[in-house]
């Protein structure tokens, strides 16, 4: 009987693993797509648009052409549309100050590159964004929000720091800390899930970073494994602050529909006002994914996934009671009852799941990380996705034409922005 039971268990496990692999492959392909792109595709899907839940979420009654596909050309940007980089700007910096070595990340508006400063011999991650793409999607406010948040968080150990920024006629350059331990998403892809002690360590550092942002009245709104990096020692570093919302006080709310589909909180899906507890929902979703390998309510069918988020009970197996209690608190569908609704980070910090964490030691990086990326130096790119690193570096990003003044003052930025047509026509930057 024992032999038969073990054989049956092995067959079942193998079958389930095959199914899980298929789900993971589909999941990995879909989740890098931003929410705007997802909604754009959803709006063009006649079958999906007929689904009552989709109509409720997106407030559409029939398929419609997405705004970005409108054939009418956008008018030239007015001075009010110019991007002012503010006090982070370095008016003397220019692209030719850097050797751009490798592509290490991609986003909706540009790429992140490993670069070495020629004079300083220092390595940076340089985020290069296309102004034209930003204006086309009317995302200037998000770019400014990211810049503002970056200016505020340079002293926190678990938030990426901004060194300076500059611009050319058609691009924005943000010079950031270079973090080369890899995305948490990359490590989850390789290992599928983490043991509870490792997940606890990461969750604690993430919670510390979120608590710090909340203390500055900033709601992060886009926590997901792709935005969580590991440094060379294995500590967490949050990056990508484009969806942050500033000036949200303890009881303040906002209502913008944004985020990543797998991690949207119920109140966001309902298009109700939401507060900083949306970040604690996302922390719960990420912790769940670290323990189980997929987000808590994931489905390849997006409408079904949204219905799961809104209505399906949370299912938790094979974890400790303290982990179960924490996840039930963080993934509480009613935000007024969610863990963190009353005392924000202090509630998370004092939860029994984190009883083994010395928070002073954590913030001072005195706790040895459970995983060491073992990178040999800045040029060690083993933890970056080959999808990025094998892509050629666009030649245009390192050019500093003499005819273009690199600056960040309001008037000069306006002149540079209006002159972005200097970009080579063969440039395949985006």
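For all residues, glycine too, the Cβ spot is worked out from N, Cα and C.
Feature annotations, reproduced from Swiss-Prot:
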type     : residues : note
REGION   : 66-92    : region 'Disordered'
MOD_RES  : 74       : phosphoserine
MOD_RES  : 78       : phosphoserine
COMPBIAS : 81-91    : compositional bias 'Polar residues'
DOMAIN   : 98-354   : domain 'Protein kinase'
ACT_SITE : 222      : active site, proton acceptor
MOD_RES  : 256      : phosphothreonine
MOD_RES  : 368      : phosphothreonine
MOD_RES  : 396      : phosphoserine
MOD_RES  : 400      : phosphoserine
MOD_RES  : 421      : phosphoserine
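Location within the structure of each feature annotated in Swiss-Prot.
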residue: 222; record: active site, proton acceptor; DSSP (3 states): coil
residue: 256; record: phosphothreonine; DSSP (3 states): coil
residue: 368; record: phosphothreonine; DSSP (3 states): coil
residue: 396; record: phosphoserine; DSSP (3 states): helix
In whole Å, note down how far the CA of residue 256 (phosphothreonine) lies from the CA of residue 396 (phosphoserine).
35
Quick one: Cα separation, residue 368 (phosphothreonine) versus residue 256 (phosphothreonine), in Å?
39
Given the modified residues 256, 368, 396, and counting only Cβ atoms in the protein chains shown, which has the most within 10 Å of its Cβ?
396
Model confidence over the domain 'Protein kinase' (98-354), as mean pLDDT, sits at 94
Counting every protein chain present, what is the number of Cβ atoms, excluding its own, within 10 Å of the Cβ of the residue listed as 'active site, proton acceptor'?
22
Between residue 256 (phosphothreonine) and residue 222 (active site, proton acceptor): CA-CA distance (Å)
12
